[in-house]
Structures are given as C-alpha cells and as structure tokens.
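Some features that Swiss-Prot has for this protein:
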- 3-181: domain 'Guanylate kinase-like' (DOMAIN)
- ALA10, SER11, SER12, GLY13, THR14, GLY15, LYS16, SER17: ATP binding site (BINDING)
Amino acid sequence: MRGTLYIVSASSGTGKSSIVNATLERDQQIALSISFTSRQPRPNERHAQHYYFVSADEFQRMIEAGDFFEYALVHGDWKGTARQSVEPQLAAGHDVLLEIDWQGARQVRSKIPDAISIFILPPSRAALEERLRKRGQDSEEVIHLRLAAAHEEMAHYDEFDYTIINEHFETAVSEMSAIFTASRLRRQTQKIRHANLIQTLLTP
C-alpha cells in the first residue's frame with residue numbers, strides 16, 4: 001500500500017515546527033522530510049537535523065539537475081524538498097510529512113492531488129508578533145518584513161484541507177494527531193489495509 005503524504009504550512013512565528021515535532025513524537029508512523037535551504041543556520045539549528053544547509057550555488061545546481069520534488073524562494077532564501085526524501089518512502093508504504101510553505105504545497109498538490117494538507121494560523125496578529133519577538137532571533141527590520149509576509153502567506157490558508165488555530169499548544173497538537181488518525185480510517189485506506197478481513201466478511 002502506498003504511503004500518505006502530509007503537508008503542513010504556516011507563516012513564521014505560528015509555532016508550526018513545535019506542533020509538528022510534538023505530534024510526531026506521539027506518532028511514530030510518519031517520517032518528517034528534512035528540507036534543503038540556502039540560508040545560514042540559526043544558532044540552535046543543526047545540519048541534517050533541522051535542514052540540509054547548502055550554498056545558493058549548490059541549490060541552483062540541484063534545481064538544474066531536477067533533484068527537487070518542490071522548491072520555492074522564501075524570505076529571500078531557497079527552500080526545497082529532495083525527490084529522494086519523498087518518492088521512495090511513499091512507494092514503500094511509509095507516510096511522509098513535508099513542512100513547507102504555501103508555494104511548495106501548491107507544487108506538491110499538482111503532483112500528488114490526494115496529499116493531505118494542513119495550514120496553521122495564529123489566534124491573532126498581536127499573538128503572531130509577540131511570538132516572533134520572543135524568538136529573539138531577528139532584528140526589528142526582519143520582524144516587520146516577516147509580519148508583512150505573514151499576511152500574504154495566511155491568505156492562502158483556504159487552499160488547504162484542514163485549518164488549525166494555534167491558540168493553545170496542546171490543543172493544536174491534539175488536532176493535528178486527530179487529522180492523522182482520521183486519514184488512516186478513510187474507506188480507501190482501510191479497504192487496502194484490511195482487504196482479507198473485508199473479503200471474508202462479505203463472502204456469502
């Protein structure tokens with residue numbers, strides 16, 4: 001049975017990575033695909049754990065070689081998912097989660113229409129700004145740029161299957177877990193997973 005592809009998107013400061021990491025700690029059936037990026041690592045980030053950090057030239061070489069499943073220019077830096085991180089895993093029946101922006105999500109849906117997509121929104125603009133400032137990673141100028149970009153990014157929430165409002169962290173994690181559980185209970189999934197049982201039950 002082919003694996004399920006999940007897409008999770010949000011604007012900066014929404015808590016996307018924290019929600020994804022907490023959810024995947026509880027759900028060992030889904031593998032997080034680590035993205036490539038041309039930006040510099042932040043102090044708490046590690047190569048091959050948070051991102052694969054490469055130069056802009058190397059990223060362009062990978063684009064030209066057709067190595068990416070999806071890629072986009074985000075806040076002035078390139079981000080992308082390698083084909084090798086997704087296609088073999090899905091073919092082997094493993095579920096894969098992509099933590100990408102709306103541009104990449106649109107590319108993925110054009111290739112895999114049955115991918116399940118989730119967009120995370122903040123409870124308010126004030127909360128989003130507060131979270132960006134609490135990170136302590138960006139200058140005032142960068143914070144203003146990210147807030148301006150967030151408005152454009154959030155406008156694409158209606159392109160996704162599910163919307164989670166991250167007002168209370170544990171609630172948001174539970175809601176994401178519920179989406180994963182529900183997707184496994186879909187008729188088309190259960191029909192394949194329990195084919196022998198269903199055939200036995202329906203045989204006169």
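Glycine residues also receive a Cβ, built from the backbone N, Cα and C atoms like all the rest.
Mean per-residue pLDDT, taken over the domain 'Guanylate kinase-like' (3-181), amounts to 94. Of the binding-site residues SER11, SER17, SER11 has the largest number of other Cβ atoms within 10 Å of its own Cβ. Between the candidate binding-site residues, SER12, THR14, the densest Cβ environment within 10 Å is the one around THR14.
Cβ atoms within 8 Å of the centroid of the Cβ atoms of ALA10, SER11, SER12, GLY13, THR14, GLY15, LYS16, SER17 (the ATP site) belong to the same-chain residues ILE120, PRO122, ARG131, ASN166, site residues excluded. Around GLY13 (ATP binding site), the same-chain residues six or more apart in sequence whose CB sits under 8 Å from its CB are PRO122, LEU128, GLU129, ARG131, LEU132, ARG135, ARG146, ALA150, listed in sequence order.
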